[in-house]
Amino acid sequence: MSDNEIKNEAPKKLSLQRRTKTTVADGKVQVEVRKSRKIDTAAVKKAQEEAALKAKQEAEAKAQAEKTAAEQAKAEAEAAKKAEGAKVEATKKSAPAVPVMPNSKPKAAAPKAEQPKQEKALDPEKEAKKKEEAELRRKQEELARQKAEMEAKRAAENARRLAEIAREEAAENGEEFEDDRFTSSYAREADRDNDRRSEANRGRGKGGVNKAKKGDREDKNERNADRRNQKDVKGKGKNAKKGSALQQAFTKPVQVNKADVVIGETITVAELANKMAVKATEIIKTMMKMGEMVTINQVIDQETAQLVAEEMGHKVILRNENELEDAVMEDRDVDAEKVTRAPVVTIMGHVDHGKTSLLDYIRKAKVAAGEAGGITQHIGAYHVETEDGKMITFLDTPGHAAFTSMRARGAKATDIVVLVVAADDGVMPQTIEAIQHARAAGAPIVVAVNKIDKPEANPDRVEQELLQHEVVSEKFGGDVQFVSVSAKKGLGIDDLLEAILLQSEVLELTAVKEGMASGVVIESYLDKGRGPVATILVQSGTLNKGDIVLCGFEYGRVRAMRDENGKEVDSAGPSIPVEVLGLSGVPAAGDEATVVRDEKKAREVALFRQGKFREVKLARQQKAKLENMFSNMTAGDVAELNVIVKADVQGSVEAICQSLAELSTDEVKVKVVGSGVGGITETDATLAAASNAIMVGFNVRADASARRVIEAENIDLRYYSIIYELLNEIKAAMSGMLQPEFKQEIIGLAEVRDVFRHPKFGAIAGCMVTEGVVKRNNPIRVLRDNVVIFEGELESLRRFKDDVSEVRNGMECGIGVKNYNDVKVGDQIEVFEVVEVKRSI
């Protein structure tokens with residue numbers, strides 16, 4: 001073979017367009033990630049040979065069967081022909097013999113030559129039958145041949161498919177001899193050139209140029225085989241894309257991989273679409289088919305989202321949003337043995353019925369004197385020991401109507417409710433409310449009938465009135481203990497304590513003493529020097545100094561603990577109230593306080609709760625916007641009184657804000673633009689100036705910087721220590737913002753006795769004043785048969801010939817009505833004035 005032929009057979013360099021998917025016009029080279037595989041060609045070849053041999057054997061068997069069938073048909077045709085010939089021969093023999101003359105031999109030969117023609121003429125039906133049999137044989141042979149060809153084609157196709165499957169299995173099971181490589185098309189081409197040159201050099205060393213040429217031919221044959229394999233995999237046809245030797249043949253996935261969808265308790269349509277990797281419109285269409293009309297930002301519940309995701313072919317994983325919180329709560333040591341604990345007693349009743357005075361006598365401390373006006377402003381938590389060494393914890397709740405939520409919290413945290421009712425006052429509204437709170441909390445009631453030392457005291461009346469509210473005393477066959485006491489003189493106090501302890505024994509109160517503590521926040525406030533302070537009632541376990549406490553939205557390490565007397569303590573067991581310092585913020589009263597192990601996890605739970613509360617708040621605001629869309633159209637007609645509330649404790653802030661919200665009317669609305677616990681700061685004053693608000697301080701004062709802003713901006717700042725005064729003054733301020741109300745008052749009535757005509761004034765009515773006073777400048781009405789026929793004003797009022805300003809009852813006068821001349825005898829002229837009536841809330 002010449003050098004030119006070798007050169008022609010050498011592998012030609014492919015164009016850059018076929019080897020890569022980009023050009024070098026912009027200086028970029030596409031980088032491909034490939035894996036080289038070593039394919040066992042011997043196994044592929046062996047599989048192909050076996051498949052071809054099998055197809056050949058099947059074709060031969062089919063051909064042999066067809067040949068046998070054809071021979072059998074031919075034999076049957078010959079047998080039929082012989083039978084027909086025998087029949088003809090028998091016919092000949094049975095015919096009469098014709099005498100043959102010796103000298104007539106040529107004539108005898110003629111009939112022998114014409115014999116076949118005579119036979120054909122004699123039996124044309126048999127000839128037609130033979131033709132039909134021959135045609136039938138031909139058709140059978142043609143059909144058998146076509147069937148054999150089809151079977152051969154099918155066998156060849158099966159053999160080709162088996163060969164492809166064997167080749168793919170061999171390729172998959174082949175050993176990988178190279179790791180992933182990151183290389184360009186130029187680098188791969190250069191590597192191949194180097195390999196060919198090195199092979200050529202080795203060939204020249206042993207055997208000359210021929211071995212190098214042989215190696216090039218083998219390389220070319222291998223590449224051609226690879227191309228053919230790629231063509232077989234990708235399919236045949238004119239439009240089939242040719243596989244490139246430099247491009248990895250990746251098969252596209254037949255079906256889109258649908259990821260699992262994690263769904264929380266609530267999710268918006270947009271978030272669900274994002275997790276499912278589909279357009280939000282697809283979800284909206286699916287929900288429309290399910291009968292639900294939603295928007296892209298609408299929040300849907302977990303069950304609906306699960307149905308939609310499963311309908312669209314996704315697997316759903318339901319997630320509880322409180323998983324982190326549950327995990328933190330489960331990692332607590334609460335398996336200790338339970339022991340008997342002290343009862344928690346809440347003292348409830350109507351305002352000024354003597355609750356704090358009763359507790360004051362029990363504690364032997366003057367607390368009521370410290371309360372402004374003798375009214376308890378927030379919950380007080382105390383624990384006392386009886387003479388026999390047993391302990392009782394008391395919660396003193398406010399009795400004023402504004403402190404409903406605080407009474408509800410007190411009842412929730414309590415074991416026994418002591419209902420204080422004044423013997424001289426009886427059952428009052430807050431008494432009934434206290435009964436309802438006690439029943440809602442499931443706490444038994446002990447009734448303390450107070451002020452029995454007064455002369456007008458009537459304990460039997462109290463029992464009768466409570467009987468109407470299903471509080472039945474033991475005297476009437478019920479289970480409620482009634483104890484008559486006097487907080488002022490100390491009468492019956494021991495009997496009350498004994499009744500409380502007896503009730504606690506019936507309840508069999510127990511709690512875990514050792515282990516991680518849990519409790520409830522009774523009250524909280526912000527102390528200027530100490531920071532956030534929370535009064536926590538421990539319900540189980542022991543709260544120690546240094547514990548990590550998770551409290552609603554807040555968390556922190558207990559830096560210090562104090563009892564109700566301000567004394568430092570290091571630990572507090574069940575039923576003991578303590579003040580806790582060290583929280584990250586002021587928790588809401590009523591929040592559950594729990595000791596956890598990890599401060600980092602406690603912070604995560606607190607932040608999660610804050611975010612969840614923020615979402616709920618925003619959703620509620622959005623709902624309120626939609627619901628109040630039409631009412632906001634007339635918002636310009638409603639006057640607003642902006643108020644900033646600062647109080648000493650969280651419970652007072654809640655009570656004041658709730659009471660102010662209840663004062664709002666259709667015309668004047670109270671808007672609390674700011675509220676908080678602690679003293680009034682410069683920030684509060686700046687907010688009041690910007691929002692034109694009234695500042696209300698409840699048991700707090702403004703600091704020096706705040707006072708400077710208040711004086712400069714002329715802000716209305718008011719201090720209160722009793723909630724009655726606060727609400728009354730806010731009502732007065734709201735009353736001043738009401739639109740005035742006008743009322744018409746009749747001041748005089750005159751009866752027309754005669755009518756005179758005057759050229760200048762027209763009709764003049766001579767009248768007698770029958771009621772009140774007729775005034776010249778006031779508006780009038782003309783009545784006929786007690787029906788108003790004209791409303792206007794007087795043009796003239798004369799007594800005799802003198803003009804007068806007014807005419808009193810029982811006197812005669814002449815009245816000229818302006819722009820009205822149809823006055824008749826018997827009409828009545830009614831004089832009235834418009835009076836502005838002061839409105840109040």
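Note: Cβ is positioned from N, Cα and C throughout, glycine not excepted.
Per Swiss-Prot, the features are:
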type: BINDING; residues: 349-356, 396-400, 450-453; note: GTP binding site
type: COMPBIAS; residues: 1-12; note: compositional bias 'Basic and acidic residues'
type: COMPBIAS; residues: 50-92; note: compositional bias 'Basic and acidic residues'
type: COMPBIAS; residues: 114-170; note: compositional bias 'Basic and acidic residues'
type: COMPBIAS; residues: 188-202; note: compositional bias 'Basic and acidic residues'
type: COMPBIAS; residues: 213-235; note: compositional bias 'Basic and acidic residues'
type: DOMAIN; residues: 340-510; note: domain 'tr-type G'
type: REGION; residues: 1-24; note: region 'Disordered'
type: REGION; residues: 50-246; note: region 'Disordered'
type: REGION; residues: 349-356; note: region 'G1'
type: REGION; residues: 374-378; note: region 'G2'
type: REGION; residues: 396-399; note: region 'G3'
type: REGION; residues: 450-453; note: region 'G4'
| note | Secondary structure of the region 'G1' (349-356) by DSSP, residue by residue, totals 2 helix, 1 strand, 5 coil
| note | Across Gly349, Asp352, Lys355, listed as binding-site residues, the smallest other-CB tally within 10 A is for Asp352
| DSSP helix/strand/coil residue counts for the region 'G4' (450-453) | 0 helix, 1 strand, 3 coil
| remark: Model confidence over the region 'G1' (349-356), as mean pLDDT, sits at 78
